[in-house]
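Per TrEMBL, these features apply:
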type	residues	note
BINDING	56, 119, 149, 150, 151, 319	FAD binding site
BINDING	186, 187, 188, 189, 190, 191, 192, 193, 273	NAD(+) binding site
DISULFID	47-52	disulfide bond
DOMAIN	11-330	domain 'FAD/NAD(P)-binding'
DOMAIN	369-473	domain 'Pyridine nucleotide-disulphide oxidoreductase dimerisation'
Ligand SMILES: Cc1cc2nc3c(=O)[nH]c(=O)nc-3n(C[C@H](O)[C@H](O)[C@H](O)COP(=O)(O)OP(=O)(O)OC[C@H]3O[C@@H](n4cnc5c(N)ncnc54)[C@H](O)[C@@H]3O)c2cc1C
Ligand SMILES: NC(=O)c1ccc[n+]([C@@H]2O[C@H](COP(=O)([O-])OP(=O)(O)OC[C@H]3O[C@@H](n4cnc5c(N)ncnc54)[C@H](O)[C@@H]3O)[C@@H](O)[C@H]2O)c1
């Protein structure tokens, strides 16, 4: 059988139909351009099928159950245990049963051309797509090629690990049964969330982390989550590494740790960070190293060590540029970039000023994240440490969330803490972190304060309703002092 080939010319080619790629293509089309999007697996990307959505669905029932148990009467009314099969069934719905037809319908409705297959850059503004049946499509762009190929789990070179059939986020997010014993290597966001999920579903979890738990956020937040995990029966080996991993003939996994402990488990989940999906996308044709993260300038144009590549037709957005490995930041970059490509195609100068329409300023000044452990962790902008490193004249205000009236009403024994990081020169908030049950929805108020650079004396006029957890804002301001 001979494989066939076809040619297609569009204004913009987007490689990768994850949340980032979909949004770049959508904004470009809304800006009057034509766009083709290339996808080798499922339209919707890692987030929809193996990351954000399914993992949050694995966590939600347990969080709701614990919330009920934190109230005397509701706790008495809820007496049973979680049914893992029901949790998995709901998770399956949130992963659209790994069927992307809904997202394909959305692409069609948005006027974006889908080309299924593996995309590789082959020359200037050129991408060749090889479909599963060997058919090729030669795409040519009039204006831009955007790489939005995302990231995959990093498997560290721990002796024996790769041969031990480790779980990555994909097997964890798509689990069909609950392992009796689960070892997790890595104490970042994936490790902490999956330790919460699987311990709640009944696994005996052991988590091994080279660092403290959740090294990306304020240390106190990781400590609250570590304490909670211990109460859920999770064994934590912090500041320890796995030195050797072996799966025996009976299927058991054995891990030798640097602290001298030996751990035996039924499955081992690797959660030690990500690698970019750039190994086989034709980077060699533009003078870049295959397998590397793509460095970008303020316009999200790919740059090498000497500056922008050729005449700036190649862009990268989302995980693959390593600015902020989060869906909402990938989508935020995508909105700026799709608009920028359309503007440049019209001959307009993009607005790359700080907070300008085409600048992804929030990636640097106001990265937002919710970590869906129980307690939840929310963070925007600087931690105290990163603000100091950035040369800001830092003020740190802490408050016990459990002492806020709304929080004590929300749950008996509410345990949490919030921190506001102030720029003492400008009298604005440059960072906010909170840890506590159901804090996720506190984040956006903080984000608006940081992005809006709202002066502290104006924030006194943002009156939080009584009795809500948001009164934390008033308490933080009172602690800071009105005459600061
Ligand atoms: C377990 C886990 C949980 C997470 N939870 C959250 C969360 O709750 N909230 C949050 O904001 N973030 C979360 N993240 C991060 C989030 O998943 C990523 O930031 C997000 O998926 C990045 O989107 P993207 O579009 O850049 O890449 P991806 O979602 O990785 O999409 C890239 C797409 O490109 C395709 N592709 C790759 N190479 C090619 C090629 N050569 N040709 C054609 N197609 C190609 C891939 O198949 C994929 O569909 C989580 C991550 C993990 C691992
Ligand atoms: N709720 C969310 O927003 C959410 C959820 C999950 C993942 N994500 C994103 O996905 C990305 C990947 O998450 P992740 O948890 O895989 O990476 P991560 O970078 O957050 O954490 C990796 C952890 O593994 C540890 N580690 C690395 N090598 C190790 C080794 N050999 N032995 C023991 N520990 C080791 C690191 O010290 C670190 O603590 C993150 O950037 C995160 O923001 C977001």
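In case you wondered, yes, glycine gets a Cβ from its N, Cα and C as well.
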Cα separation, residue 149 (FAD binding site) to residue 188 (NAD(+) binding site) (Å, whole number): 22
Binding-site residues near ligand 1 among 186, 188, 192, 273 (Cβ under 6 Å): none
Per-state residue totals over the domain 'Pyridine nucleotide-disulphide oxidoreductase dimerisation' (369-473) - DSSP helix, strand, coil: 36 helix, 33 strand, 36 coil
Candidates near ligand 2 among the recorded positions 47, 52, 151, 192, 319, judged by a Cβ under 6 angstroms: none
Listed in sequence order, residues with CB under 8 A of residue 52 (disulfide bond) and six or more positions away: 327
Structural state of residue 188 (NAD(+) binding site), classified by DSSP into three states: coil
By Cα-Cα distance, the member of recorded positions 47, 186, 190, 192, 273 nearest residue 119 (FAD binding site): 47
Neighbour count (Cβ, 10 Å) for residue 149 (FAD binding site): 30
Nearest recorded site to residue 151 (FAD binding site) by CA-CA distance, among binding-site residues 190, 192, 273: 273
NAD(+) site, defined by 186, 187, 188, 189, 190, 191, 192, 193, 273: further same-chain residues with Cβ within 8 Å of the Cβ centre: 184, 194, 209, 214, 271, 272
Most distant Cα pair in Å, residues 56, 119, 149, 150, 151, 319 binding FAD: 30
For NAD(+), whose listed binding residues are 186, 187, 188, 189, 190, 191, 192, 193, 273, the greatest C-alpha pairwise distance in Å: 14
C-alpha spacing of residue 149 (FAD binding site) relative to residue 273 (NAD(+) binding site), in angstrom: 16
Rounded inter-Cα distance in Å - residue 190 (NAD(+) binding site), residue 150 (FAD binding site): 16
